[in-house]
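According to TrEMBL, the features are:
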{"type": "TRANSMEM", "residues": "62-80", "note": "transmembrane segment"}
{"type": "TRANSMEM", "residues": "120-138", "note": "transmembrane segment"}
{"type": "TRANSMEM", "residues": "150-168", "note": "transmembrane segment"}
{"type": "TRANSMEM", "residues": "180-199", "note": "transmembrane segment"}
Amino acid sequence: MNIFRILGDISHLLAIIILLLKILKSKSCAGISGKSQILFALVFTTRYLDLFTNFISVYNTVMKVIFLICAYVTVYMIYVKFRKTFDSENDSFRLEFLLVPVTGLSFLENHSFTPLEILWTFSIYLESVAILPQLFMISKTGEAETITTHYLFFLGLYRALYIANWVWRYHTENFYDQIAVVSGVVQTIFYCDFFYLYVTKVLKGKKLSLPMPV
């Protein structure tokens, strides 16, 4: 554990809490991609199967359980409790374009060819692209609510902090996980344009608007 890992986990948890509070307070999931939330739930499910086989620490176990619960509560609220407010027309990204290549890559490039390791690798690859349906939805509608942009900012910050965590671990522990690092860098790159818009618009009190696709 190091400060970057802890701050990354806090940022990740804060992003999820912001999203849940947004849905609960507004009683609406407008502007939120249900498909991205399904992918994140799948990420946590396939990554945290080791809850039943390995105990690392109380902190590790508690965080895994919280992320799993929050992921499925979010999916429930979008597709069940507040389904009438869900914008399915604009949440139209085709998940097979992500799931098929991610599944194939997890079988081809992993640390060891065992069920748990393949599923863990799948979760790492999938997390790097799970936000794409949400970003696609924003680009399609042309704008995003301020609270949704806060959620995306802290989600992106979590990945950026994890890159710092990997750099720290490499220098202090000589530890390097190529799969996690490369996937994390790819995921952070997806947020770069959003970070710029967040700083130049949202933090100045302006609504995040994008050019509408032709």
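Heads up, the Cβ atoms here are built off N, Cα and C, so glycines get one too.
Note: TrEMBL annotation is automatic and uncurated.
Remember, it's a predicted structure, so these values are computed and weren't measured experimentally.
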Counting only CB pairs under 8 A, let me know which of 62-80, 120-138, 150-168 has the most with the transmembrane segment (180-199). 150-168
Could you pull out which residues elsewhere in the chain have a CB under 8 Å from any CB of the transmembrane segment (120-138), counting only those six or more residues past its ends? 31-33, 35-36, 39-40, 42-44, 46-47, 49-50, 87, 90-93, 95, 98-99, 102-103, 105-106, 109-111, 144, 148, 152, 155, 179-180, 183-184, 186-187, 190-191, 194, 208, 210
Report, as numbers and ranges, which residues of the same chain sit near the transmembrane segment (150-168): CB under 8 Å and 6 or more residues beyond its ends. 2, 4-5, 7-9, 11-12, 14-15, 18-19, 22, 131, 134, 144, 176-177, 180-181, 184-185, 187-188, 191, 194-195, 198, 202
